[in-house]
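**Student:** Can you read through this structure? Questions will come right after.
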Amino acid sequence: MIQTIRGFRDILPEETPMWQKIETIAAEIFRNFGFQEIRIPIMEKTELFARSIGEATDIVEKEMYTFPDRKGDKLTLRPEATASIVRSYIQHKMYAADPVRKFYTVGPMFRRERPQKGRYRQFYQIDAEVFGIASPYIDAQLIQILNELFKRLGLSGLKAHINSLGCPECRPGFQKALLEFLSARKDVLCDNCLRRMEKNPLRTLDCKVPACRKALEGAPTTLNHLCPDCSTHFDTVQSTLKAQNVEFVVDNTLVRGLDYYSRTAFEILTTALGAQSAVAGGGRYDALVQELGGPQIPAIGFAIGFDRLVHIVEQLEQEKPKDGPDLFLVALGDKAMENCHLWLSQLNLSGLKAEMDYSGKSLKSLMKRADKRNARNVLIVGDEEIKTDALVLRNMETRTQTTISMDDPVAEITKLISNI
Ligand code: HAM
């Protein structure tokens, strides 16, 4: 029997609804933020990836599916989408009328990595790229978009790790410090690191060999070498994320596996799939458009590991009780607790599966509890809602809200929920 190639897999009909759901939510968010869909070829000239991702990266050195076609042209199955989108942006002079363009694409990528759960040789990415905006606000916006998508999928606890990789102005100072550090540890570094030290010292920082990892502890960081402009840029990214309530940690060990980055780089890490892995990654690449033959136009983007995201959401769904309540009452404050308790009894007696929590915890933790219980609806009752006669009934599946009056909430809720 002929089977799939190792690291390649079928996505079966039972699985596709989840893929479609995520794609629909992502497309909606992209539309709201002004992104247009672009579709790019699955194969490109090898040179495109070698020049953009970087000759000394794992991807280019050992993971690309590269082969000559019948005429001997060197072709590669795309390992990522950024290089192709940049090529397309330049080839079609999309910058001519207005350099500011925002694109997204969804599709398969190919990397010959060692397969394991969440790591495949054909995998899918949801990719977004923004051209023509140098402002740090856009860096924060992309991280906010990721955060929003994860939130709408019910994922909590995913935190963005962010770093700044500097620019051509500050990179030389950092590289010099790094080279000095590496030179003093030459006897313990692996052959790969020694070779990369010559080609691109930054690449030693993502070596996976345990002895190298140990030797690299305390290595110089880009953050300590940022020029004033990069420093201000990074500060604004952070203050904007804070102002937008997006959780993040500054991680000065994050270097990304591709060479084209400058300034802001980020990853969303998770342990949901076993060992820590990234469910999304991205960053700024202000020099790439010019390096590939276009004008000097800044750009930034990210890619989500679609397969990984599906695994995480599926895992979460499995952990949830199948038979969650129709309604979860969130009582905030003593008065609310008393009211909710009385309504709860009536709702239960009227045949509705309703639950509440008596711990008096915060709105955030009660909403988490409602989500974990897989409640279909949540009624939010706080002193403020009682005072203004506007209780909030939220449908957890559609994420829509209805206002309920205090006149006869039980009747109103019963009617609304039975109609859903
Ligand atoms: P990347 O970090 O190489 O970035 O990949 C992005 C995401 O794709 C990863 O965080 C991971 O979730 C997923 N991924 C990568 N390799 C595999 C694999 N073998 N199996 C399953 N999932 C995988 C890029 O590709 C950049 N082009 C992102 C970007 C866009 N930067 C700027 N714009």
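Even glycines carry a Cβ here, placed using N, Cα and C.
Checked TrEMBL, it gives:
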{"type": "BINDING", "residues": "Glu80, Ala81, Thr82, Arg111, Gln125, Glu129, Arg256, Tyr260, Tyr261", "note": "L-histidine binding site"}
{"type": "DOMAIN", "residues": "1-321", "note": "domain 'Aminoacyl-transfer RNA synthetases class-II family profile'"}
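Each of the listed features needs to be described in terms of its position in the shown structure.
**Tutor:** Non-local contacts of Tyr261 (L-histidine binding site) by the CB criterion (under 8 A, 6+ apart in sequence, same chain) comprise Leu165, Gly283, Arg284, Tyr285.
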**Student:** Work out the three-state DSSP category of Arg256 (L-histidine binding site).
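**Tutor:** Its secondary structure by DSSP: coil.
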**Student:** Determine, from DSSP, whether Gln125 (L-histidine binding site) sits in helix, strand or coil.
**Tutor:** strand
**Student:** Can you tell me how spread out the L-histidine site is, meaning the largest CA to CA distance among Glu80, Ala81, Thr82, Arg111, Gln125, Glu129, Arg256, Tyr260, Tyr261, in Å?
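**Tutor:** Roughly 21 Å, rounded to the nearest whole number.
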**Student:** If you average the pLDDT over the domain 'Aminoacyl-transfer RNA synthetases class-II family profile' (1-321), what number do you get?
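**Tutor:** The predicted confidence over the domain 'Aminoacyl-transfer RNA synthetases class-II family profile' (1-321), as a mean pLDDT, is 95.
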